[in-house]
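Here's the structure we're looking at; comments come further down.
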């Protein structure tokens, strides 16, 4: 089973994944972008830009990472439990300047149509996101601000709705304001 955690920065994806590592010791834990050696280099380029990158070039770099991630991680472990911190869904949401049909086609190509079966979508409100952003050093994407993140979160919801019409997926939407213990319990039940 391929499971992905989706949500904007600071909603607790990493915290919940860490809790699952204690339970699913044989699972494959990964992340996008940056789940491979190539991906780490691309992630560095994308998050710490030293020069401007066009939106189209940025999209193609993320797709290159995704294709490599599929080859190295997803394809070789497709018969195991795979839990990923983000996926192509975030890629579609962050690429807000492009149409969903185009993004879906490009991601389908990069992933050879290998999609997650279950999606855990953690949602945060403006206050929660602002509070958590203020507690960390920001990368170039995080520096775009709270309004940017809320617009991405809105786009994530729209992408999930779009994907329900395209592929067979189960989606669990959770309020990130809940305690990490309560969220963990709901996630465990969803994964059974």
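Cβ atoms here come from the backbone N, Cα and C positions, even for glycine.
Positions annotated as ATP binding site by Swiss-Prot, on the basis of sequence analysis: 7, 8, 9, 10, 11, 12, 13, 14.
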Chain-mates of 7, 8, 9, 10, 11, 12, 13, 14 with C-beta within 8 Å of site centroid, ATP: 122, 124, 132, 176
Least surrounded among the binding-site residues, given as 7, 12, when other CB atoms within 10 Å are counted: 12
Site of maximum Cβ density within 10 Å, from binding-site residues 8, 9, 13, 14: 8
Sparsest-packed of the listed binding-site residues (10, 11) - C-beta count within 10 angstroms: 10
